[in-house]
Amino acid sequence: MASPAPLQRLQAPLRRSLARAAVLSSRTYATIPSPSDPGLTQSSPSPAASTTPAKKAPRPSYFKDTTVASFSEFVGSQSAPLSLSEAYEIKTAEVGPAGRKRTITRLPEWLKTPIPSSGANPNFGKIKADLRGLNLHTVCEEARCPNIGECWGGNDKSAATATIMLMGDTCTRGCRFCSVKTNRKPPPLDPHEPENTAEALARWGLGYVVLTSVDRDDLADGGARHFAETIRRIKQKKPTLLVEALTGDFMGDLDMVKIVAESGLDVYAHNVETVEGLTPYVRDRRATFRQSLKVLEHVKAVRGKEGIITKTSIMLGLGEQEQEIWDTLRELRKIDVDVVTFGQYMRPTKRHLKVEKYVTPDEFDLWKQRALDMGFLYCASGPLVRSSYKAGEAFIENVLRKRAGERAAASASLDQVVAAEETKAL
């Protein structure tokens, strides 16, 4: 019997591999020599390759979930660093089907943040679970804040912060920059919310907390008493916890402002949001620039200039002019507002106001310095800064604790003087 052919003596998988290699080697391919392969020589191109130019090899895909470069990326980059104009260049793109394409503006690199997830940061999931279990809402989620991953992502709960939104998740106003749900008749207030909020904050072991709320124009007091009761419950459970309240304007009712201001809070915040000229186009028609100034001014009248810190926030990128920003800062200093923050307006949905300008980080730094030069106690200014910004909270916490220490020292000194006088009298 004749011996089998050499190929037939091989195992089946190996036979298939050799057969596939033989077929592939019989085909003609255009090859592009690589500089890294010195032994590779370019063969004569096939007729098909001579008429069609070889396409440039695409850059490899690369994904990174943080905006901060690692050390190896920093020292190993083969490309030259971008110039300032290149770094701040606003890019556009054409989207849509053929014949109906439209140009859109890409989000600048300095506004991009990693998408938060419970898998990447377990603490994010823990805080979210606590909030759901106690039926609490946060402005971080409702207003789609870009800093939610940073603020909720501390190494432990004491390093994390969350801005609790009281009185539900539905607002009676419809500001053109805000993505919070609106309705003329929101659900009634949750009577357990003050206790649940205090319980959650005591459980986290925070040193500083921010409370805010939707506007509730459907309530006789605008929710002022509910706000004040929540603050009192928090102070009962943890007297050392510093509380910041970011309130609405209570439709200009200064008696309601007084109720919240006297509830034991440490920082009273109310946002003017934008310059006076743009207020009618940006905010709900029931909110006015002058009404907001009266709220902030009345807080100082109730608690005294040194008795409480007042704070406000301004969005940039809505079409405001430089002189209008100057005028706004001067108005705020007239009524002794202590803290101001600047942040980039970012359009939450297509139904909201368009972004007129993406303000560069350098411009934000400039406005921070200008605000400090005007006498503001503190200014947080940056593209991703929001009114309840984590870095700003740390600074204000230090100021408040320093003031408390000074008051305690002054009180102790006064007690010593009184005791000395009483001793002399004896």
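Glycine is treated like the rest: Cβ placed from N, Cα and C.
Database features (Swiss-Prot):
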BINDING   CYS140, CYS145, CYS151, SER388  [4Fe-4S] cluster 1 binding site
BINDING   CYS171, CYS175, CYS178  [4Fe-4S] cluster 2 binding site
COMPBIAS  43-55  compositional bias 'Low complexity'
DOMAIN    154-377  domain 'Radical SAM core'
REGION    27-61  region 'Disordered'
TRANSIT   1-29  transit peptide
Binding-site residues: CYS145, CYS171, CYS175 - member with fewest neighbouring CB atoms within 10 Å:
CYS175
Round to the nearest Å and give the CA-to-CA distance linking CYS171 ([4Fe-4S] cluster 2 binding site) with CYS145 ([4Fe-4S] cluster 1 binding site).
17
CYS175 ([4Fe-4S] cluster 2 binding site) and CYS145 ([4Fe-4S] cluster 1 binding site), distance between Cα atoms, whole Å:
16
Using the Cβ center of CYS171, CYS175, CYS178 as the [4Fe-4S] cluster 2 site position, which other residues in that chain lie within 8 Å, going by their Cβ?
ARG173, GLY174, PHE177, SER179, VAL180, THR182, VAL214, ASP215, ASP284
What mean pLDDT does the predicted model reach across the domain 'Radical SAM core' (154-377)?
92
Provide the number of Cβ atoms within 10 Å of the Cβ of CYS178 ([4Fe-4S] cluster 2 binding site), excluding the reference atom itself.
22
